[in-house]
Each structure stands twice: as structure tokens, then as C-alpha cells.
Amino acid sequence: MEIVLANPRGFCAGVDRAIAIVNRALECFNPPIYVRHEVVHNKFVVDDLRQRGAIFVDELDQVPDDSIVIFSAHGVSKAVQQEAEHRGLKVFDATCPLVTKVHIEVTKYAREGTEAILIGHEGHPEVEGTMGQYDKSKGGHIYLVEDEADVEALAVNHPEKLAFVTQTTLSIDDTAKVIDALRTKFPQIQGPRKDDICYATQNRQDAVRDLASRCDVVLVVGSPNSSNSNRLRELAERMGKAAYLVDNADQLEQQWFDGVAKIGVTAGASAPEILIKQVIQRLQDWGAEAPKELDGREENITFSLPKELRIQVTQA
């Protein structure tokens, strides 16, 4: 059996930054450090940070007064930001800058009284945060749609003053269809020059297309609550290949590879490389050859840490 590695795969700049913020806060201020929601959607990463002293909570009312709290990479609503400020909590915001860009767009539309439509998955923390950035006090409204059927059923108050934004981790193909449906139904709708799907999501989906075209089975390393990891698995399946989402090597099942010549391996944007290496090792234990890595788009994007953490680290 051959192992073929997708490129790029794994951590993106926003995930790197979010994990670094938690680690540096733990180094600079000592545990406990509170984190609202999983800082990134990966069990291995969250368990590691928990062992180091991070305490993950669902809401701010679980955070004691005079504590440090970190907002996850997925972003939060204005109400959460205001609650933290009102309580005087020390906040480090690990929201991915590409999610913040969408928040800025939504805030601008609300200020102008333009109604907004968010394309995204209901219940996802990023969607909850983005929806909560829209201030309805100017008379506008924000709507959520997930697919073309939602667009068909949608009624808005002001179709002449309407804009759309997207969750950053969606399927590129599915999102294009939803945007087409929106433009057909609401010809005057505004939108970003390019959809809000992030560079890492785009690159990893392109890499999986290449991978699936060459392999019999595709393994996606990622947690089941990771949106971008699920989209990678779905994309490989749409290309007619068996595809499996696994958190780690222990979830592999040897019968998946009966009669298989080429196994493709990739990882979602929140999955660390160590998990990929463990999956490769397990496959080699079962007789696979050393992996070959495909050529792919080079990523050199980095996002800076909050100034106080940079200063603290420099002083240390």
C-alpha cells in the first residue's frame, strides 16, 4: 500500500495563533486560565491545554471575577464582549483575524441599516459569534441560511438594502451555489468581492481534490466537531472515494484498506502534525510504504499575538 500526503494540511495561521495565545497566557500569568469554548475544535489540542492548566467553559458566568479569559478562534458576539468588559475580566481575544474581518463587515452593515445574510451552519460557534455582531438597534436584521432551500424559503424586510457574508470554513462548492441562489433571488444584494471562506479552507479543499483523484481511500485527521475537517471528508466522498474522519490512529480500522493500493492522508486546519504522523505509523505497521507528499500551495501567512503577550514573553 502507498501512502500519499496532501499538501497543505493541518494547522492554519489562525489555529497556530489561538493555541499560542493560550500557551503564552499560561506561561505569563500561570494557571488557571479560562477559555470560552474549545479554543480550536481538536480533542488532542484541548486535552493538552487542559492538562497545562486551561479551564474550558461554555459561558462567562462560569468564570470567576478577576480572572483571565480567552475567547476561542471562532469569535464571540458583542454581548459576550460587553459582559466581559462589564465584569472587568482580563480578556485575550484568540478570534482568528479572518473571522474578525467578517465581524467588521457585519458591524458595518448593521451601522448602515443594511440587512445581512450569513451563510453558515446553525449552532457552530463562529456562526453564533458573527450573528451576535450585528446590532439590530438601527432597524436592520441578520438572517442565517445554510443551503439553497433556505434561500428559497427566506423572506427579508428590505431586499433593496441587503448584503451577505459567509462562515470561513464552508465547502467552497456548496457556498458558490448558495451565493448564486442569493443573487438570483435578490438581484441587488451586496457581498464581498471574494467570499469570506479563508485561504486555509480553500487550500485544503483544493489539496483534497488532488489527493482523492490519485487515491482509493482518503483519511482526514480531525475531530468530529471540526467544520473544515468534515468538509474535507465530504469532498472526497463526492469524488467517489471512501473517506473517513478520524481523531487519531486508534480510530483506524484495518478492514478499510482491504484491497486498497493508495491511501490518501490529510488533516483539518485544527489537527496537529503529531496526529498525522501517528496515523502514518499505524498504516506502516499494517504494511504500508513510506509516505509520499504531493506538491501544493505554499502557506507563509502568520498572525501576531496580542501585544501584552508579546511583551510578557520578551521580558521573560
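Cβ atoms are placed via backbone N, Cα and C, with glycine included.
Source: prediction; values computed, not measured.
According to Swiss-Prot, the protein carries these features:
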type	residues	note
ACT_SITE	GLU126	active site, proton donor
BINDING	CYS12, CYS96, CYS198	[4Fe-4S] cluster binding site
BINDING	HIS41, HIS74, HIS124, THR168, SER226, SER227, ASN228, SER270	(2E)-4-hydroxy-3-methylbut-2-enyl diphosphate binding site
BINDING	HIS41, HIS74, HIS124, SER226, SER227, ASN228, SER270	dimethylallyl diphosphate binding site
BINDING	HIS41, HIS74, HIS124, SER226, SER227, ASN228, SER270	isopentenyl diphosphate binding site
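Recorded features from Swiss-Prot, shown on the structure.
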| residue | record | Cβ within 10 Å |
| --- | --- | --- |
| CYS12 | [4Fe-4S] cluster binding site | 28 |
| HIS41 | (2E)-4-hydroxy-3-methylbut-2-enyl diphosphate binding site | 29 |
| HIS74 | (2E)-4-hydroxy-3-methylbut-2-enyl diphosphate binding site | 28 |
| CYS96 | [4Fe-4S] cluster binding site | 26 |
| GLU126 | active site, proton donor | 25 |
| CYS198 | [4Fe-4S] cluster binding site | 26 |
| SER226 | (2E)-4-hydroxy-3-methylbut-2-enyl diphosphate binding site | 26 |
| SER227 | (2E)-4-hydroxy-3-methylbut-2-enyl diphosphate binding site | 24 |
| ASN228 | (2E)-4-hydroxy-3-methylbut-2-enyl diphosphate binding site | 27 |
| SER270 | (2E)-4-hydroxy-3-methylbut-2-enyl diphosphate binding site | 31 |
Candidate with the highest Cβ count within 10 Å, taken from the binding-site residues HIS124, THR168: THR168
Distance [Cα-Cα, Å, rounded] between HIS124 ((2E)-4-hydroxy-3-methylbut-2-enyl diphosphate binding site) and CYS96 ([4Fe-4S] cluster binding site): 15
C-alpha spacing of SER226 ((2E)-4-hydroxy-3-methylbut-2-enyl diphosphate binding site) relative to CYS198 ([4Fe-4S] cluster binding site), in angstrom: 15
Extra residues within 8 Å (Cβ to Cβ centroid of HIS41, HIS74, HIS124, SER226, SER227, ASN228, SER270), dimethylallyl diphosphate: VAL40, PRO125, GLU126, THR169, ASN225, SER229, GLY268, ALA269
Integer Cα-Cα distance in angstrom, SER227 ((2E)-4-hydroxy-3-methylbut-2-enyl diphosphate binding site) to CYS12 ([4Fe-4S] cluster binding site): 14
Nearest of the recorded positions (HIS74, GLU126, ASN228) to CYS12 ([4Fe-4S] cluster binding site), judged by Cα-Cα distance: ASN228
For the [4Fe-4S] cluster site built from CYS12, CYS96, CYS198, further residues of that chain with CB within 8 A of the site's CB center: ALA13, GLY14, VAL15, ALA73, PRO97, LEU98, VAL99, THR168, THR169, TYR199, ALA200, THR201, ALA269
